[in-house]
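Engineer: The structure's right below; bear with me while I get my questions together.
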């Protein structure tokens, strides 16, 4: 685009489309990634690539040739009435539209026709061709003969010039006078140094003298510099083998050959003026001899002359004429006198001038003065391994060097215990009792022990906490104040922690080698801790006290005891926490969570023995409950042995020791009720199934919550509260009932589970937002509830006949339980 | 007043070689009668399964489609379908007539040792070295098994199906009897790895051979041992055992090249049938007649109670 800015003084010529001006606030646009760059055709559709792009050749219009018909051959029809027109098929008829576009194989663009094409351009082309033909290995292969027989045709421009009086070989421009022209050529020479080939300048110059004053001449035809791109891989300036020299053995040879004309051209091309003039025409050379009537060529009979030899030793005299004379001192001292310097220096090289400023002298600083007692020998200090030396020495060493190694533990005064400090100071260990406990009388000691054991007993109920809660408790206790007396309430907590640590570590799976070492920085302490852990594993109840250092003070020991217990609980082995998920049958004290897995095989050793004794039968046979898939039964034409059961295969019992139900202290009746749907007894099932009857007699959880000293969750606490309220209400309304309200616990003992439950209204009031929203599971419950307690005005019956099954059983009715009358 | 029953005939044992079939399919891994005993199926180690006529010993059809050696085959009650299992972990249901693969079932994690149809050929059961028995539905188009019995702790070596029971022998030394009707699983501890299990024809007993070179007859309901048969060699190979057509004898392959016949009740060795020098790998007893198939190396031999007086068609 050509555009001239009118506002500014200068005229700019811009080319191409300008970039959009950047705005400051504009976010920088991300470049479109390659995979999102799409190619669209001129109508904006996605372009389908053909051929190599798609991995196969397909062409044109849906893989046809651009028309729906495809390669339908045109038929030649010609009749008398309708003569077929002669059809000249052009190449364009078989080409696609894309081929005519800018990047096609035959781009259509507006070009000046040959008539109007400039001559100069043609010349350039010719020259390039000539040069390339020279550089080519086979000379003259660019169609020289074609050029020779080319038709004489000149462009419009040439015709016009001719009409205006221009002749071939002349330059274009106003005619000049001789003098002027000469000046011009001089100027050219001075200006560039770049040699412009200018025809036969010399010969014209000779004629110059005869030129009259009033005659003007046409300007010289200037051949522009040929900017032929270098496409070969030759070195710069290398022209390859010159065929003329190769064939003729030298430029001087007057070989007759076909390329004489070309050689003329090339010489003019490269501005070789001399050769053109010195060349002789015709046949020449030794091979042809010298005719009788001809003069001898000087070249032929070689005459040696003295002028070919150097007669002076040392070559030409130098141009300065000084003959190696060096200037005396005073010339060099005089500064700022360039002429003198020039005189001194002799001559200045071409293209160089003397510097106007003298270069600065670099200042050199002398080395420092060495002290008198300096010995140029380096002395290496011996390296001492700190671990091998006693700490005092090591510390002294470190201090003497002035740098403490960063790896050494920065042990503050308080992080050391007394024994460590003692070691550091080099003191002897103290004699006598180290513990306050030892100073006490035997009675006092017993008393303290009693108190301790009582505290332990109290905390046994806490032991059923889950491991997560354990940790929470431990973390909480870590923020609690340090226990300093045995009787403080915090101490009871600590003892419970001790018990927890014992529980955690006494498992058989605990592996000492893989346990975390929390006191690694203090090896003595770690050793004590390891001892403690080992004792824990053996189940030693006094593990903690016995593993502590007796020489430490009571306060230090107390602190360490605390740390050890906490570390033992926190870093207890992971597999022990895993094993806590499985019930151990040997554990007698928590009866409600222990249950022998039903489908465990009996001891293999017994069976081996039985097999050896060939006592097959009961000893070697195990019978399990197995649930076939319903479809399998169908395919086998067998009724499903467990209709309504969703389990498939062996019923798997996951008895989580620390489940939510355990927190609510559910008794076995709830276990039965949970198993009820899945394991309704098949006819004739074996005796390995759990016995249901004895467990039914046990109390429900509602009974038990009253006895538990502290309710663990707010729900149960709330329930017990409401229960007491209800019982009070009952007392008022059911006067016939002679129940004592002295304690609701004793009352609950007598009552059934159902009796204890608050009326449904209360639950509704609490849990249900609207009365019509009833879950399907509780709907049955509700209806039965209303039978029993339709309103609070009626007395609640307690007789066994109208009793409903316990709540837990009600949710999933099990026939065995419902039959049993509700007794204590 | 009924006359006393005539004294039952002394059962005849198939001790006469009737025919030797060169199967030309590599080692014959298993040989099986079809449901009615007119045809023979042989599993080759060259991945092929071949169907033969017993009476003439001619090859009727070759079933190819397994990717590795075929280990077991069973035919449906109506002879319309075959199921086979292979070391390539697949179970294939074949159409007998066309020889096409009806279904190719993948799911086992290891080579599949044994396969059986149930009575109505609605379920295929396959036991694999991966310790599971998979129950495949032949009726639906599902490619997942109906149920996976993964109670075994080692590979399944043998399984049999009765009306409503699955008898599964495993390398863990246990014979498991799954009772679908009762929904129970009886595990009988044998101790030694089980190589073959089968039901007695009356369905009251189970027979199991194990790698301690013993065949045991157990009462199905109680697991008590009714008989113990030994004398043969079975220490490393998975050898077959079976009962004769009338439950009179217990048969077992042996690694010493014989087939051993024991009297079921007495437990005494009745016959030691020499088959060849190599291991008798597989055998199959005709469902109704005293006829026996034995497989050794690359050939199958047909044994009958009486030598055929018709033209001998050996080869």
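A Cβ is built for glycine as well, from the same backbone N, Cα and C atoms used for every other residue.
Automated prediction, rather than curation, is the source of TrEMBL annotations.
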Engineer: For the annotation region 'Disordered' in TrEMBL, which listed range does it cover: A:344-369, A:370-395, A:448-473, A:474-499?
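Structural biologist: Among A:344-369, A:370-395, A:448-473, A:474-499, the range TrEMBL annotates as region 'Disordered' is A:474-499.
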Engineer: So which range, A:1-43, A:216-258, gets flagged region 'Disordered' in TrEMBL?
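Structural biologist: In TrEMBL, the region 'Disordered' feature sits at A:1-43.
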Engineer: Which range is it, out of A:296-330, A:401-435, A:506-540, that shows up in TrEMBL as region 'Disordered'?
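Structural biologist: Checking TrEMBL against the ranges A:296-330, A:401-435, A:506-540, the region 'Disordered' one is A:401-435.
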Engineer: Of A:622-670, A:671-719, which range does TrEMBL call region 'Disordered'?
Structural biologist: A:671-719
